[in-house]
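A.B. asks: I'd like to ask some things about the structure below.
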Amino acid sequence: MGAYLSQPNTVKCSGDGVGAPRLPLPYGFSAMQGWRVSMEDAHNCIPELDNETAMFSVYDGHGGEEVALYCAKYLPDIIKDQKAYKEGKLQKALQDAFLAIDAKLTTDEVIKELAQIAGRPTEDEDDKEKVADEDDVDNEEAALLHEEATMTIEELLTRYGQNCQKGPPHTKSGTGIGDEPEPQGLNGEAGPEDPSRETPSQENGPTAKGHTGPSSNSDHGTEAGQIGEPGTATGEAGPSCSSASDKLPRVAKSKFFEDSEDESDEVEEEEDDIEECSEDEDGYSSEEAENEEDEDDTEEAEEDDDEEMMVPGMEGKEEPGSDSGTTAVVALIRGKQLIVANAGDSRCVVSEAGKALDMSYDHKPEDEVELARIKNAGGKVTMDGRVNGGLNLSRAIGDHFYKRNKNLPPQEQMISALPDIKVLTLTDDHEFMVIACDGIWNVMSSQEVVDFIQSKISQRDENGELRLLSSIVEELLDQCLAPDTSGDGTGCDNMTCIIICFKPRNTVELQPESGKRKLEEALSTEGAEENGNSDKKKAKRD
């Protein structure tokens with residue numbers, strides 16, 4: 001089913017917290033893989049980033065989970081390490097931290113760690129020894145070729161078991177080793193046809209059809225079931241191909257000298273004809289030359305377009321942090337200040353008296369500001385809203401495949417890690433905050449999510465206890481999950497969501513009837529004590 005499972009994985013990772021004593025912020029979160037073949041989201045719920053600051057964040061990975069997990073592990077400390085953070089400048093600290101962690105992804109040490117997170121193979125000592133052994137084999141083959149190049153034809157034929165006096169063989173052996181292929185000129189060009197030497201293709205045996213994948217130990221060989229060009233082989237040949245190619249020179253060498261004189265005469269005649277033709281048709285030749293130049297220009301332009309439209313993985317090399325990345329939306333709460341940094345299309349929304357207040361802006365390539373930066377960096381946005389036909393968002397941590405313009409700073413690359421910052425002073429009207437990846441926002445609008453949570457957040461069970469926030473998130477994820485994958489992908493993505501309340505929650509609330517009943521029980525107990533039944537109360541306490 002391509003990028004989707006046959007059945008959704010609805011197992012959820014959920015949790016709740018009450019915040020820190022100095023900054024009580026009840027929160028609940030849940031994450032679900034859904035229809036995707038893997039889970040690429042990550043998040044942070046840190047009630048005490050320091051003594052007066054809380055941090056909540058969501059990372060939506062793409063091309064792999066490694067960058068999202070790396071950010072969840074290291075970004076909190078990188079934020080705290082920023083000079084601006086220590087000076088109390090949280091907005092500047094967030095911007096600097098996003099760019100700092102993005103730059104770290106290009107270092108060799110971090111690339112290795114990302115590869116380990118992703119489970120991709122890394123080069124170890126065994127690999128290096130294997131490469132050294134292959135180099136030794138190559139050196140031995142080169143020495144053998146050099147030795148054979150200095151030998152006479154008779155010595156070569158003797159070495160390979162042929163008698164020079166027998167002349168060129170014309171047998172119909174089933175192996176095809178002694179069969180003469182169609183004559184070829186120098187550098188593999190076809191020579192003049194000789195009707196006296198017709199060789200049925202059925203008599204050339206299996207080696208005349210080239211080699212197939214199973215007989216090739218080269219990554220560049222043909223795939224299994226595909227047949228190569230007759231008499232040719234690309235890459236390193238396997239055992240069956242190498243045995244044939246080793247024996248082919250014994251026939252081609254002896255026959256080459258027999259045909260060389262006739263071929264040279266024919267070539268000279270053809271050259272004379274070409275010279276006469278060019279003298280008579282100078283105008284036509286110049287016109288052809290102009291057409292060829294136009295064709296060359298067109299081909300070069302097409303090659304340039306192909307380079308611009310390349311997407312990660314097309315170069316045959318996959319590198320974590322280059323062909324993978326993550327969105328990041330980070331919220332810091334210090335006192336009454338809420339500071340939100342966002343790069344990508346994850347989102348933070350605050351409920352203000354029941355109305356959705358967006359605290360982040362989705363970064364899409366077709367947006368005016370984003371499109372201008374992409375074009376200035378040498379990129380394009382396709383009709384379906386993708387940068388160079390690949391990524392469908394314009395800001396992210398990682399994705400260094402799109403950040404290779406050496407003439408521009410990091411924040412001006414096609415894909416930028418520089419976050420937008422929004423600040424809000426919290427009041428009594430601000431009830432809760434929602435941070436989630438686009439797996440939620442592609443299904444429901446900001447207001448729809450706020451309304452959904454608002455309708456659940458005050459619900460209590462039969463014992464009078466408020467619902468856990470994580471249970472509300474779980475219900476939201478189920479609400480967003482698509483019934484199948486037959487649509488446009490909406491509801492089929494990974495989903496991660498966090499709800500943070502700005503005020504403490506009363507976990508138990510006395511209902512009028514239950515309060516009256518408890519008051520009556522207390523009065524009856526006091527009356528019993530006055531009547532000398534204190535032993536019963538003591539027994540209960542014991």
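Positions of Cβ are set from backbone N, Cα and C atoms, glycine also.
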A.B. asks: Among Asp108, Asp384, Asp488, Asp493, which residue does Swiss-Prot name as a further Mn(2+) 2 binder in the site formed by Asp60, Asp438?
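C.D. replies: Only hit among Asp108, Asp384, Asp488, Asp493 in Swiss-Prot's Mn(2+) 2 site, alongside Asp60, Asp438: Asp493.
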A.B. asks: Say we define neighbours as other CB atoms within 10 Å of the CB. Which of the binding-site residues Asp60, Asp438, Asp493 has the fewest?
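C.D. replies: Per-residue Cβ counts within 10 Å for the binding-site residues Asp60, Asp438, Asp493 bottom out at Asp438.
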A.B. asks: Inside 8 A of the center formed by the CB atoms of Asp60, Asp438, Asp493, which other residues of the chain have their CB, for the recorded Mn(2+) 2 site?
C.D. replies: Asp41, Thr327, Asp345, Ser346, Cys437, Gly439, Ile440, Trp441, Asn442, Asn494, Met495
A.B. asks: Give me the mean pLDDT over the domain 'PPM-type phosphatase' (26-502), rounded to a whole number.
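C.D. replies: That region's mean pLDDT is 77.
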A.B. asks: Can you check what DSSP calls Asp493 (Mn(2+) 2 binding site), collapsed to helix, strand or coil?
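C.D. replies: DSSP call for Asp493 (Mn(2+) 2 binding site): coil, neither helix nor strand.
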A.B. asks: When DSSP states are folded down to helix, strand and coil, where does Asp60 (Mn(2+) 2 binding site) land?
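C.D. replies: Assignment for Asp60 (Mn(2+) 2 binding site) reads strand.
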